[in-house]
Amino acid sequence: MAHPGSSGAGGVDNTFRRKFDKEEYLERARQRERQEKEGSSNSKSRGPVVQRKPLKHRDFEVDLESRLGKTQVVTPIAPLSQQAGYYCSVCQCVVKDSANYLDHINGKKHQRALGMSMRVERASLEQVQERFEALKKRKIPGTFTEQDLDERIIKQQLEEEERKRQRREKKKEKKEMEKESEEEFVDPDVAAMMGFGGFGTSKK
């Protein structure tokens, strides 16, 4: 009968197993710690942390509709600004649709490229009051009364009636044109042979 540790016909040879040295692994761990400390000290000595401006609202209109419905020939060698989609000149990339373009220009990467962080500056009471005053000045002078509303409703109703009348006239003209074209194409001999002679203006 073979010993469990020996390699026999039915046994397993366990003599090749690796022996683990705890001291060796402890030394490797210490070296790794030293390298991590050196790397962190190097990263700190690279320079001061960049101070970014707080997030600000856009003072321009985002153009999403200027190229709507237009066709454009796109070649593989065309520059990025002339390829299909929305081009961001700040990040120099092309985004394929308007939803992703809005996500991009509102995202962290784009705002960092503009020199802003994603933090919003806390507004003071004076800033809020100044903003309200500016919005009041921008408001169109004059008040909106019920009489203006009634006039607008009447005007819309008249425009709607005019549109309906024009549609009815167009339908009537179309039917008359179709009737005339049918009469032109029908041969009287063929119509008489087929028995359609009684449909005309024959007198009894």
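Note: Cβ is positioned from N, Cα and C throughout, glycine not excepted.
What TrEMBL records for this protein:
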type	residues	note
COMPBIAS	15-39	compositional bias 'Basic and acidic residues'
COMPBIAS	151-164	compositional bias 'Basic and acidic residues'
DOMAIN	83-117	domain 'U1-type'
REGION	1-56	region 'Disordered'
REGION	151-189	region 'Disordered'
Averaged pLDDT, computed only over the residues in the domain 'U1-type' (83-117): 89
Secondary structure content of the compositional bias 'Basic and acidic residues' (151-164), with strand meaning DSSP E or B: 14 helix, 0 strand, 0 coil
Secondary structure composition of the domain 'U1-type' (83-117) [DSSP: H/G/I, E/B, coil]: 14 helix, 8 strand, 13 coil
